[in-house]
Amino acid sequence: MENHSKQTEAPHPGTYMPAGYPPPYPPAAFQGPSDHAAYPIPQAGYQGPPGPYPGPQPGYPVPPGGYAGGGPSGFPVQNQPAYNHPGGPGGTPWMPAPPPPLNCPPGLEYLAQIDQLLVHQQIELLEVLTGFETNNKYEIKNSLGQRVYFAVEDTDCCTRNCCGASRPFTLRILDNLGREVMTLERPLRCSSCCFPCCLQEIEIQAPPGVPVGYVTQTWHPCLPKFTLQNEKKQDVLKVVGPCVVCSCCSDIDFELKSLDEESVVGKISKQWSGFVREAFTDADNFGIQFPLDLDVKMKAVMLGACFLIDFMFFERTGNEEQRSGAWQ
């Protein structure tokens, strides 16, 4: 009878339970409906289900890949994949875009916060080896070495090689997104001081198709002179160069002056690049300095004046043994 009573007290009828059973918790621990077998509540002192496998003890080999080591799951990734920005370690970093000021043409906001530009012409290997004139390319940087713009000449092959440095050209200036923010248009003009009625000129457009200023050559028997004009062709500033536009081992300065030529407010410098580069290539370096508070449109016009000066006095074409002088 005693054995029979123990069997009737077991959780499942007909199951023989040894001495010490039933367990200390009551039968009400079973959860869920009566026809569904559920797990009972664990006894006191139960440590819970086993977690991830612990790490290997000292002296054991490192587990293979895929081994779920100890510690919490979903541990954050420490090294995120890097985005290969066009101006990353493989190239020149771009200047961050500043907030555009009021009444600023799109793309010229970069010029609002700087008072100096560096213009570096790229060396074309085909041009060096064969003398075949290619489209000029320029990097335009700020004083920190960050690229502000990239300029590309857009002139057909026949015009480049037949007209040489006197050629008409279109220069497209791009920002860090590859958008054309400025266009420089130089028409075909006479390059001799003997014809003052047809002197050099370049038009600056920002955005393309909208003129913001002009650079016109002013006739003078000895000095290279230019006038910087606004979009209404009103004179704003002047650029005056040296009598002889050539030197060795030193820079050549074109001073930015007021209209009365009494005060100097900036300059365009053709920088000495070294004997090898000067002798065997036409890749030039220029520095442009202007007042920080100068209107961004006039800063863009000064950039156009730099390119016009480069083509007039420092552009080597074909197999010419020396570059252009002050007057041809």
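Cβ from N, Cα, C; glycine included.
Residues or ranges marked as compositional bias 'Low complexity' by Swiss-Prot: 28-47.
Feature annotation from Swiss-Prot assigns S-palmitoyl cysteine to Cys193 (among others).
Residues or ranges marked as S-palmitoyl cysteine by Swiss-Prot: Cys194 (among others).
Residues annotated as S-palmitoyl cysteine in Swiss-Prot, with similarity to another entry given as evidence: Cys197 (among others). Secondary structure at Cys197 (S-palmitoyl cysteine), as computed by DSSP, is helix. Of all the Cβ atoms in the protein chains shown, 6 others lie within 10 Å of the Cβ of Cys197 (S-palmitoyl cysteine).
Taken from Swiss-Prot, the feature S-palmitoyl cysteine applies to Cys198 (among others). Long-range C-beta contacts of Cys198 (S-palmitoyl cysteine), restricted to its own chain and to partners at least six residues apart, with a cutoff below 8 Å, comprise Arg189, Cys190.
Among the features that Swiss-Prot reports, region 'Proline-rich domain (PRD)' is placed at 1-93, with the record citing similarity to another entry.
Residues or ranges marked as region 'Disordered' by Swiss-Prot: 1-96.
According to Swiss-Prot, the motif 'SH3-binding 2' annotation covers 56-64, on the basis of sequence analysis. Confidence across the motif 'SH3-binding 2' (56-64), taken as the mean pLDDT and rounded to a whole number, stands at 53.
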